[in-house]
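> One structure follows; several queries about it will come next.
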Amino acid sequence: MTIFSDQLSAGGLSMIQSMRYYLSEHPSVVNFRWSHSQSWGNTWSFLFTSIAAYVIISVFLHLLLHLLFRHRRPLPLGPIPAFHSLSMVVISLTVFAGILVSAAAEIRETRWFWRRNKTTTFQWLLCFPLGTRPSGRVFFWSYIFYLSRFLHTLRTFFTIIRRRKLSFFQLFNHSILIFMSFLWLEFSQSFQVLAILLTTSLYSVVYGYRFWTAIGLPSACFPFVVSCQILLLGCNVVCHVGVLLLHFMKGGCNGIGAWVFNSVLNAAILFLFLNFYVKVHLRNRKVKETENLHCVKNKDI
């Protein structure tokens, strides 16, 4: 029994070490550089072309389905949405684990330098030192997160095909997520480590919920996805305030220009989310009042 438990613990330790190696010590991770020769999709032309193509294809698909299948039921997609949600859960958890382990490795290796500048771990997570370049472990996982945003846009096409709806907010939100992820890498923007940790953790929950409902299990009695997204944006707002304070207290944070632009975009997304949330709440409240009134009339009869 003791030999078996020792073998089991040794196997578990070996697995953890293997995962740590592939997440933070593999040469592809350690030697990563955001450059034209090593990184696919890192040019401004690719960014604007891909976003424009996403918007054009979405509008074209919406118009085409509206013309061809105006009076028909939504087209069935089978298990594709469920498979997409499950894939996004796996990707989100992988990026979360990767950037968490990589950030811990970076902190361990550079802590001696921070002591000279009186910088804490939390300050580094919010505010990169001036002169930080987009290379190494953390930026590798930031790059993987950037690429995963393109897979995220497939939700738009699912919505168009199944519901015949094209939302401006959905197009805007997905396009801005791609654009912001690009800015993180292009300008080595501060705060991206915490932003990716928050986003991937909540998105793993959101897509897990979408997978749950896609396979026919019961959904929540409140707008679960919207609530999670508002929570994420609220956390981002709080962290943005911390970045601003550290920028003036510590003598500057790297990529502050891109950070200001991202803050404006985050504020716009938060406003649109709150507006949508209030509309949904008022609509549900009106439906409940109508149902209660109908029940009262039936009792009177």
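All positions are counted from 1 along the displayed chain.
Note that Cβ sites are derived from N, Cα and C of the backbone, with glycine treated the same way.
These figures come from a predicted structure and were not determined experimentally.
What TrEMBL shows for this protein is this:
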type     : residues : note
TRANSMEM : 44-69    : transmembrane segment
TRANSMEM : 81-105   : transmembrane segment
TRANSMEM : 166-185  : transmembrane segment
TRANSMEM : 191-209  : transmembrane segment
TRANSMEM : 221-246  : transmembrane segment
TRANSMEM : 258-278  : transmembrane segment
> Residues sitting near the transmembrane segment (166-185): Cβ under 8 Å, six or more positions beyond its termini, same chain?
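Distant Cβ neighbours of the transmembrane segment (166-185) are 34, 39, 42, 47, 50-51, 54-55, 58-59, 62, 134, 139, 142-143, 145-146, 149-150, 152-153, 155-156, 159-160, 192, 195, 255, 258, 261-262, 265-266, 268-269, 272, 276.
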> Of the stretches 44-69, 191-209, 258-278, which racks up the most C-beta pairs under 8 Å with the transmembrane segment (81-105)?
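Looking only at 44-69, 191-209, 258-278, the most contacts with the transmembrane segment (81-105) come from 191-209.
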